[in-house]
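Q: Here it is: the structure, laid out below.
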């Protein structure tokens, strides 16, 4: 966009997302909300296609004196995952200048969006959809914590937890993501979670987990998401050791289709790994969004703290260069390599050595791999995101055109017309044979956050929830 201008630019210290040390970065804040950091001050204002997807729109700003004085944090909810970036500058005045500039850009973008919503010819359609959704939650009693049995902790992190639940009324299984409200709303600030939950409601794709309900309690936001029962892809691969190239092509195509959809909505998934891929009862891929930033794990040898699964991290993430959509194509390369080769492309128990491999080591292939498969994986696992297959402006189209996928009809992929190469042996959506036996037989308890909640974690009156009016959603009205 030619009318995008730089609002503020300067050096700041940015804390690494995975290796928690501080690095100097030259940041540009632009009128479109982009906030991009470079290792060196860029000479050319018209920089090449920016890979960064981080925007200050709909974000929450916090100031803190820890772990260093004059620190500020930008936090936002992307899909249902909390993304957080931490910066520090030398003086309180500098911090004030940055936070005021960021807030001004965010406020202006918010106003523009509201104006667009009011003037847009589609706003009436949007409103009808919202009314339908409200109606669905009115006619079907609003969901509360009491409507579910809690079976197993699927994940736990800094901002909340994900629990496998069974809806009492239907017997269906879901993953419930529970986020603490205080991490999303600043004390004096209304969060933008509602807008984000609206994005979630509209995120519908055959290979992405869909949102079934969302509701709130006194101090938590709850997202109830689809949980398919064909088993984790990791489980099936570990049983068979490797998948054929045909089977890998089928799964790879479905993943590309889903990532294409997310990228078109300006969402970078960031967390593609085997553990986040499941199969539905028919054998199609479902990419889960149960991710939470894991508690930091400290590597004793270096005393640096890591966040996440280091084996899957792209080079640009490790180096803490700003990254964007190409990070997902690296993730695709890693999972497809695992499927066809039966191991990770880079692995070492020592994190420092692992990082060196990811950044420097050339990829090696088994002799059994076809030249098309080698070519695809080599392209996806290029260290430089700008040169990576899928890293250019064409994004997924580069991958779709690759010879490994020749003969694939991408519309048929989306329409689920391709026959899955493996069908899980489940008889229905509530068949639990691929679940761990230890947790299908028993339920777990959730500690009530407040003693005065009627049912432990029930919904509260709207008047007592000024920040989150109407944070309630049921997909049943749309199916």
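A Cβ is built for glycine as well, from the same backbone N, Cα and C atoms used for every other residue.
I grabbed these lines from Swiss-Prot:
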- 271: active site, proton acceptor (ACT_SITE)
- 154, 155, 156, 157, 158, 159, 160, 161, 162, 177: ATP binding site (BINDING)
- 451-460: compositional bias 'Acidic residues' (COMPBIAS)
- 59-76: disulfide bond (DISULFID)
- 293-307: disulfide bond (DISULFID)
- 148-405: domain 'Protein kinase' (DOMAIN)
- 302: O-linked glycosylation site (CARBOHYD)
- 309: O-linked glycosylation site (CARBOHYD)
- 472: O-linked glycosylation site (CARBOHYD)
- 2: N-acetylserine (MOD_RES)
- 305: phosphothreonine (MOD_RES)
- 447: phosphothreonine (MOD_RES)
- 446-479: region 'Disordered' (REGION)
Q: Rounded to an integer, what is the Cα-Cα distance in Å between residue 156 (ATP binding site) and residue 59 (disulfide bond)?
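A: Answer for this pair: 23 Å between alpha carbons.
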Q: If you draw a 10 Å sphere on the Cβ of residue 156 (ATP binding site), how many other Cβ atoms land inside?
A: 13
Q: Rounded to a whole number, how many Å is the Cα of residue 59 (disulfide bond) away from the Cα of residue 160 (ATP binding site)?
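A: The Cα atom of residue 59 (disulfide bond) is 18 Å away from the Cα atom of residue 160 (ATP binding site).
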Q: Check the recorded positions 76, 154, 162 for other C-beta atoms within 10 angstroms of each C-beta and report the one with the most.
A: 162
Q: Can you give me the Cα-Cα distance between residue 154 (ATP binding site) and residue 76 (disulfide bond) in Å, rounded to a whole number?
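A: Here the two Cα atoms are 23 Å apart.
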Q: Could you state the CA-to-CA distance between residue 162 (ATP binding site) and residue 76 (disulfide bond) to the nearest Å?
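A: About 18 Å separates the two Cα atoms.
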Q: For the C-alpha pair, I'd like the distance in angstrom between residue 76 (disulfide bond) and residue 160 (ATP binding site), rounded off.
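A: With distance taken Cα to Cα, residue 160 (ATP binding site) is 14 Å from residue 76 (disulfide bond).
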Q: Would you kindly give the Cα-Cα distance separating residue 160 (ATP binding site) and the residue listed as 'active site, proton acceptor', rounded to the nearest Å?
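A: Distance (Cα to Cα, whole Å): 17 Å.
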Q: Please report the number of other Cβ atoms within 10 Å of the Cβ of residue 160 (ATP binding site).
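A: Its Cβ has 24 other Cβ atoms within 10 Å.
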Q: Determine the Cβ neighbour count for residue 59 (disulfide bond): the number of other Cβ atoms within 10 Å of its Cβ.
A: 24
